[in-house]
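Student: Take a look at what TrEMBL says about it:
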{"type": "TRANSMEM", "residues": "6-24", "note": "transmembrane segment"}
{"type": "TRANSMEM", "residues": "75-96", "note": "transmembrane segment"}
{"type": "TRANSMEM", "residues": "108-128", "note": "transmembrane segment"}
{"type": "TRANSMEM", "residues": "140-159", "note": "transmembrane segment"}
{"type": "TRANSMEM", "residues": "171-192", "note": "transmembrane segment"}
{"type": "TRANSMEM", "residues": "204-222", "note": "transmembrane segment"}
{"type": "TRANSMEM", "residues": "234-255", "note": "transmembrane segment"}
Amino acid sequence: MAVPGLFTILVGVIFIAFFPLSPANPVSLLGIRYFSEQEAHILQQRVLRDDPSKFQPRRSVSWAEIKATFTNWRLLPHFFTTLLGVAPASTMGSYAPSLVVSFGYDRLKSNAMVSIGSWLLLVTNLAWGYIADKTKQRGLMVFLGVLILWGLMLGNRLLVESTNEKLRFGLLTAAIAFQVPWHAVNGSWLALNARSAGERSITMAVFIMAANSSGIIGSQIFQAPDAPLYRTGWTVIVVLVSVALLMSVIANVQYRLLNRLQKREGKARYQY
């Protein structure tokens, strides 16, 4: 653990030293300038057009923003979608190789086979973000992502006693490939609907806390007495993802209903 920790610190120091300070002052801490004056102006205008709150010079977070965030009921569906929907990813990260071993493959080969799903996850992550960005339908992409995950987890539960090991491996691989491509989109969707830079900062901190807490839940789903089929564990996963799917539906519905009210009152509408 020491080497990865030191590497993380090293990357952080390099990032702080070389990354531009802000759109308003795109110069690194070491004084390195990556943009000409004209390019910096274009950068600032694009950021300003995308979200004017990002140019707020104040860096501190007010108590009003803290209160607004923790009393913001719109945050709850996003929070629980992440808390419950990401939990199975932690389970798969720990137990997927053991599951493949139970299919009849040796341990070394099982680790290599599990990596197939992880490589596919890289593709689905990029694809989900790209489609959400191009279509501006982040809420729909979150719902579709959780829906696909729900279907795959349900399939794994239904086939828990199947003797078709190739089918079980294929379904497990698909579940790994689609376990969290919607997660980053959910975060960007949540950030876009923050009303100020301060609220966005606190909201994203809460969002990351939900993701971290999901790891605690996920690590407890599969238990030794339930091995090797993990009938109870798979049932728990299906229940968790079912509730996450419901939360994603609520998140979509709340913004659509609120936008009708915002439109009548002539206020800026929420993004979904």
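Just so it is clear, glycine is given a Cβ too, placed from its N, Cα and C backbone atoms.
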Student: Thinking of Cβ pairs under 8 Å, which stretch from 6-24, 75-96, 140-159, 204-222 has the most of them with the transmembrane segment (234-255)?
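Tutor: Between the candidates 6-24, 75-96, 140-159, 204-222, the best contact partner of the transmembrane segment (234-255) is 75-96.
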Student: Count the CB pairs under 8 A between the transmembrane segment (140-159) and each of 75-96, 108-128, 204-222, then give me the winner.
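Tutor: Result: 75-96.
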